[in-house]
């Protein structure tokens with residue numbers, strides 16, 4: 001009995017011993033949290049998605065993007081109201097997301113007032129990006145506009161490096177050379193710009209990069225919102241802002257006058273019915289493109305989306321050659337080849353970076 005009491009006394013802890021044990025447990029939890037946080041920092045979200053999923057999403061993104069681009073051109077040839085068309089796209093996206101939410105496809109999270117302000121700011125950024133692009137096109141030549149917009153991937157890299165302290169491999173940095181120079185050659189033409197036009201176009205480049213990064217951070221950062229939830233919350237704001245812009249530049253008044261000039265029978269003719277069908281199809285494709293665009297940004301990354309925008313310019317030119325028999329010079333053809341090689345090189349560099357990161361994480365384990 002005495003031995004048992006002696007053994008029990010040896011196992012008992014003094015009050016200061018409990019404090020030591022508690023501090024040790026807190027330190028272990030903090031170390032575990034630091035390790036998990038460091039792993040999250042070291043492994044960007046785009047490196048966690050499978051290559052097959054990325055490829056499928058990017059393929060769908062390209063198909064819808066080109067479809068919306070071509071149908072936008074057809075719609076705007078019949079009714080030159082770009083801001084009203086943007087408002088139609090945003091309104092359709094709002095209704096589409098509302099229906100999907102009612103069907104239980106996604107659920108809304110409870111956000112603070114600060115988080116809601118972030119979404120309002122993001123919708124303003126979305127509208128400002130469109131506005132600067134539209135206004136700058138009237139002050140610079142189209143080739144110059146395309147060349148400057150092709151530098152969005154470089155700006156995206158710089159923002160990630162300066163603000164988020166994120167670095168890329170040397171191979172990824174080098175792929176920017178053929179990607180940008182290829183687009184420059186493919187769109188080579190009469191370069192004209194005013195100082196104001198240059199400033200607005202460059203501002204549009206900054207806004208495009210910030211928009212792409214911001215949307216990625218909202219889906220992969222602390223908010224961790226789904227692509228559909230962001231669209232559900234942001235689209236009504238974007239629609240209202242687009243309508244305000246349309247009213248300010250006179251599109252609403254022009255459309256109203258055109259409608260009443262036809263005696264209210266503008267959409268009752270065969271041509272009008274065809275336009276309505278085309279507009280409905282265009283709006284539905286825009287809704288699908290918005291959804292897949294945000295989701296692809298989440299799993300592929302903001303930089304990859306920026307690179308895809310460059311590649312889209314090349315594919316648009318190729319479609320123009322096939323569908324509209326657009327004439328291109330050997331310089332334009334060389335530029336398309338260089339840009340396509342750059343895109344393929346970038347894809348390889350991304351895969352190599354992902355494999356290298358996975359290998360380094362396995363070694364740490």
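Placed from the backbone N, Cα and C atoms, the Cβ positions cover glycine too.
Pulled from TrEMBL:
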- 55-75: transmembrane segment (TRANSMEM)
- 56-347: domain 'Sugar phosphate transporter' (DOMAIN)
- 81-100: transmembrane segment (TRANSMEM)
- 120-140: transmembrane segment (TRANSMEM)
- 146-164: transmembrane segment (TRANSMEM)
- 171-186: transmembrane segment (TRANSMEM)
- 192-210: transmembrane segment (TRANSMEM)
- 230-250: transmembrane segment (TRANSMEM)
- 275-295: transmembrane segment (TRANSMEM)
- 302-324: transmembrane segment (TRANSMEM)
- 330-347: transmembrane segment (TRANSMEM)
For the transmembrane segment (192-210), the distant same-chain contacts (Cβ-Cβ under 8 Å, at least six residues beyond its ends) come to 125, 128-129, 132-133, 135-136, 138-141, 144-145, 148-149, 151-152, 155-156, 159, 302, 306, 309
Taking the transmembrane segment (171-186) as reference, which of 81-100, 120-140, 275-295, 330-347 has the most Cβ pairs under 8 angstroms?
330-347
Contact between the transmembrane segment (120-140) and the transmembrane segment (230-250) is defined here as three or more C-beta pairs under 8 Å separated by at least 6 residues; is that satisfied?
yes
The answer for the transmembrane segment (330-347), taking Cβ pairs under 8 Å and residues 6+ beyond its ends, is 171-172, 174-179, 181-188, 304, 307, 310-311, 313-314, 317-318
Averaged over the whole of the domain 'Sugar phosphate transporter' (56-347), what is the pLDDT?
91
